[in-house]
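Peer 1: The structure follows.
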């Protein structure tokens, strides 16, 4: 019985020693991040779609903050994100890339043909925003509220049952930005 307590005590002691060493090392050798990069990364939509030419939002934020990359390359964020980054960096706003300069940009949505889906989960693994739900060997579907239309789920599908379709804007599907809609308070006379 004593050997069990000795083993438990030794493992506890080793855990505490190695934990203290790791705690010291994490503080001693910590790399400070650039606060500007952190702020730019917080502004970006975190869709990790790669449409900007970088593998995710963090590398794009580092390129903008440290290497002077153009601030107008985030397609999912569009003009709103570009204006926030321009304000943060105190630079002139730039026109969005050619794809973004359409008169009325069309929101795209991934659609799965559920009759041909084999439930391989490759699309789920490829989706950067977890907009696809389903289980192995079961039907998958796309949650339209979360899908950014980044096109990353289309190529991994072995049965080619995923396609991007334009979303028809209706009052139910429209993203109402209540901060930009002017609100006027109309005085109302109260009668007794």
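Every residue gets a Cβ built from N, Cα and C, even glycine.
What you see is a predicted model, and the numbers here were worked out from it, not measured in a lab.
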Peer 1: Suppose a student reads Swiss-Prot and sees 49, 52, 57 listed for [4Fe-4S] cluster 1. Which of 74, 96 should they find annotated at that same site?
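Peer 2: Looking at 74, 96, the one Swiss-Prot places in the [4Fe-4S] cluster 1 site next to 49, 52, 57 is 74.
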Peer 1: Which single residue out of 120, 127 does Swiss-Prot record at the [4Fe-4S] cluster 3 site shared with 147, 150, 153?
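Peer 2: [4Fe-4S] cluster 3 site check in Swiss-Prot: besides 147, 150, 153, the record includes 127 out of 120, 127.
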Peer 1: In this structure, which of the binding-site residues 49, 120, 123, 127, 153 has the fewest other Cβ atoms within 10 Å of its Cβ?
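Peer 2: Per-residue Cβ counts within 10 Å for the binding-site residues 49, 120, 123, 127, 153 bottom out at 120.
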Peer 1: When a 10 Å sphere is centred on the Cβ of residue 157 ([4Fe-4S] cluster 2 binding site), how many other Cβ atoms does it contain?
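Peer 2: The answer is 21 other Cβ atoms.
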Peer 1: Sequence order is fine: just name those binding-site residues in 117, 120, 127, 147, 157 with a Cα within 10 angstroms of residue 49 ([4Fe-4S] cluster 1 binding site).
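Peer 2: Candidates kept after distance check: 127.
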Peer 1: Which whole number is the mean pLDDT over the domain '4Fe-4S ferredoxin-type 1' (108-137)?
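Peer 2: 90, rounded to a whole number.
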Peer 1: Counting only residues 6 or more past its boundaries, what in the same chain has a CB within less than 8 Å of a CB in the region 'Hydrophobic' (1-26)?
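Peer 2: Same-chain contacts beyond the flanks: none.
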